Amino acid sequence: MKFKTLLEAVNFCNSVQYKDIDFQNEYHEFIVDGTSVGAIKNMYIGDIEQYIADRANNLPLFKVTTTTGCGNTTNVKKIVTFADWCNSRTLREHHVATFLSFMREKGCWECLKKWRDELYPIYGCKSEKDRVFLYLERAAAQVFGIRTYGVHLNGYVIDKSVKITASNPIEFSRLRGEQTKMWVAKRSNAPKKTYPGMLDQIVAGGISAGESPQSSLVRECFEEAGGIDINKSIETGKCIPAGTIQYYFEGNKLLGLQPETQYVYDVEMEPSVVPFSVDDEVESFQLLTINEILDNRLLSFEFKPNCLLVVVDFLIRHGFITASNEPEYLNIIDSLHAPLPFPGP
């Protein structure tokens, strides 16, 4: 698979418009205490609707309803909420965890085969200090179509042995592209790993319950990439927060939707620092020039979809992709920062 344009590559990941989601025939809106927090594919509704949380009293965990707007039969929306009795964070977290464990044991849902023992938050609760309605198992995030959060680290090197003595803008840009290099990770081909063999940031991962973006970054660095003293890089200003990207992804049409926010960090690394893998997530690290990435890697479907967005965002912020050399410049920027309909922290 190859992309024809950079905008096509970016839109492969940001592939869903919320206004186009069919809540009449394909999805059910997931609502908690009147707040929309996700979109559930119809294939999960039978199991969700039939699950009895309290068998002694025959109490279902969820309630599935259909609404119509002002009597307009063409404006039908199907909704999933918690049953009225399940009205606290404690109750919801307990019974959702029990429900998901039950579904995992039955082997009903493909996504639960990638069980992580890691919790993700659902935000939007106005009565809780942390704004969290409840935490649920990460593997089920796609089932409920909730907004999730991650952190990505761009590790780059300035090779000062490459001298920039250009006499025109094109030559100047090409020399900058040789001077600046980016470390990329090649993902493991180990069984059950997602996007095996594809390129990734030097460090990336999901933000778990109770973590801040920075604490998640530090944890991921220790778990994935040896040789990087991330705490020192943060203290000395070599590692800096660089904003966020957002997209609404439908990677596997059989599993569900993924609205995601990724916090992005840049770290300028010394040429002498060579990262190494400390777990089975990464097969190897490669140091690529920006020219190599621009010329050969971005359109060849080598990067994991959301990682490509992080790279493109880096290239825009550092002046390698500009309005002068990319005709879809503004559309790409818009697609890197897609509005998401669900509340955040």
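Heads up, the Cβ atoms here are built off N, Cα and C, so glycines get one too.
Here the structure is a predicted model, which means the values were calculated and not measured.
Over in TrEMBL, the protein carries these features:
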- 162-311: domain 'Nudix hydrolase' (DOMAIN)
DSSP residue counts for the domain 'Nudix hydrolase' (162-311), split into helix, strand and coil: 44 helix, 49 strand, 57 coil
Segment confidence, the domain 'Nudix hydrolase' (162-311), expressed as mean pLDDT: 91
